[in-house]
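Scroll down for the structure; my scribbles are underneath it.
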Amino acid sequence: MTKNETVYLTGFMGAGKTTSGKLLAEKLNISFKDLDVLIQEQTGKTIPDIFAEEGEKGFREREYEALKMVSGSEAVVATGGGIVETPEARDLLSKSCCFYLSVPFEELFERIEGDETRPIALLEKPKLQKRYEKRLPFYESCGKTIDCASLTPDQLSEELVKILQDARSSCGK
Ligand SMILES: Nc1ncnc2c1ncn2[C@@H]1O[C@H](COP(=O)(O)OP(=O)(O)O)[C@@H](O)[C@H]1O
Ligand SMILES: O=C(O)C1=C[C@@H](OP(=O)(O)O)[C@@H](O)[C@H](O)C1
Ligand SMILES: [Mg+2]
């Protein structure tokens with residue numbers, strides 16, 4: 001990891017980007033930024049309100065703007081699970097230090113089922129699984145895959161610290 005590098009975490013809803021990202025930033029002693037939090041601060045609206053008022057398309061535009069704003073800062077950035085649906089965001093992430101937190105769908109579903117703070121999580125299960133499958137190749141192409149199924153947030157963040165410390169080039173991609 002080089003100085004001023006932005007470390008991005010991607011993966012489906014529930015993968016632990018927010019939870020493990022905070023721990024990783026603490027361990028690296030750099031700041032932590034969560035795109036969903038930034039968007040809510042900038043708009044003064046909740047994520048469900050933005051989806052209701054501006055649609056998913058409006059939310060994606062705001063999400064990409066937030067991504068560009070944080071890029072280049074020395075920070076761990078938790079993205080939202082749908083960021084890879086925006087081609088320009090994929091382009092930015094694939095050129096950056098980015099990790100894909102990979103967790104099987106069934107485990108994710110248990111973590112997020114019925115979560116009203118995540119509008120996409122309220123889709124019927126087969127539709128949600130389709131989203132997951134559609135996004136998989138995008139996650140894989142943007143970041144280094146970390147198999148997190150059996151890792152606690154602490155173990156996961158520790159694993160990322162090791163990879164970042166060992167990496168001679170940007171995050172070992
Ligand atoms: N490694 C993990 N093992 C088990 N549960 C986890 C893990 N990481 C996160 N969780 C739980 O899953 C839910 C979603 O976590 P969160 O960090 O918000 O995910 P994301 O930001 O990727 O959507 C939370 O209830 C959190 O406590
Ligand atoms: O997968 C998605 O489309 C979304 C994921 C959410 O972030 P998390 O992945 O942190 O839940 C949030 O950006 C929004 O609800 C949409
Ligand atoms: Mg999150």
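Backbone N, Cα and C atoms are what each Cβ position is placed from, and that goes for glycine too.
From the candidate list Arg90, Arg118, the residue TrEMBL records in the ATP site shared with Gly14, Ala15, Gly16, Lys17, Thr18, Thr19 is Arg118. Taking Cβ-Cβ distances under 8 Å and a sequence gap of 6 or more within the same chain, the neighbours of Thr18 (ATP binding site) are Asp34, Asp36, Ala78. Comparing local CB density within 10 A for the binding-site residues Gly14, Gly16, Gly81, the maximum falls on Gly81. Within the same chain, the residues at least 6 positions away from Arg118 (ATP binding site) whose Cβ sits under 8 Å from its Cβ are Met13, Ile47, Ile112, listed in sequence order. Compared over the binding-site residues Lys17, Arg60, Arg135, the count of CB atoms lying within 10 A of a residue's CB peaks at Lys17. Taking the Cα of Ala15 (ATP binding site) as the reference point, the closest of the binding-site residues Arg60, Gly81, Arg135 is Gly81.
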